[in-house]
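These notes concern the structure reproduced below.
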Amino acid sequence: MNFPIFALFSFVSGSIPFGYWIALRFAGVDIRKLGSKNIGATNVGRLIGWKFGFIVLALDITKGMLPVYLSSVYVPEGGIPFQLLCGVCAVLGHMFSPFLGFRGGKGVATTFGVFLVLTPIACLGAVLVFWVVYKFFKFVSLGSIFASITLPLVYAFSTILLLHEEVSYWVLGTMVFISFGIILTHRENIIRILNRSELFAVKGEEQDGDSERNRR
């Protein structure tokens, strides 16, 4: 399989809107018109149940992992640069899905899948950042933004200090590029956070969050 065909496969793989299809199939709802109007796992879990939310999360992560892994197996001559290109194609497919009129999701889970194959330690660090931010603020979107911002930093420090290896500027540059894209896809979330109208991941947390804000 040549480079263009595999890159196209990566884009199509990433563009499969699992969240939209699962919500439509099992709950009969258009996820793009409810809640945060996002097709990702958080909105699916919030609206139709976290059993489905976690399924969507796993599938969206797999959309990022599969093209990167398969490109290393079937197009090994492409090396890390081509694996990264396939990863970027998968993330762009998720963000601009042709199945949804070239609209899509935020790209966080798919990005996690891409770098879980290439830099698992950095991904674990980013997950830790996400969890800390989420536990404190109760916003998945804010945790995702901070995780995407810190991912390149965690990669650089973990590579140098833990693995004692040289930083790949291909990997680092791609991380920065995708992280910037993720921040752009969260621009509406950022506005809602500033306006204090952002939705919590779990409905029951809304009252607790409002009470906490009133005490500040």
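Cβ atoms are placed via backbone N, Cα and C, with glycine included.
According to Swiss-Prot, the features are:
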- 3-23: transmembrane segment (TRANSMEM)
- 48-68: transmembrane segment (TRANSMEM)
- 82-102: transmembrane segment (TRANSMEM)
- 112-132: transmembrane segment (TRANSMEM)
- 142-162: transmembrane segment (TRANSMEM)
- 166-186: transmembrane segment (TRANSMEM)
Leading contact stretch, 3-23, 48-68, 82-102, 112-132 vs the transmembrane segment (142-162) - CB distance under 8 Å: 112-132
Surrounding residues of the transmembrane segment (82-102) on its own chain - C-beta under 8 Å, 6+ positions past either end: 3, 6-8, 10-17, 20, 32, 39, 60, 63-64, 66-68, 70-72, 75, 110-111, 113-115, 117-118, 170-171, 174, 177-178, 181, 185
Distant-in-sequence neighbours of the transmembrane segment (48-68), which means Cβ under 8 A and at least six residues beyond its ends: 6, 9-10, 13-14, 16, 18-19, 22-23, 26-27, 29, 40-42, 83-84, 86-87, 89-91, 93-94, 105, 109-118
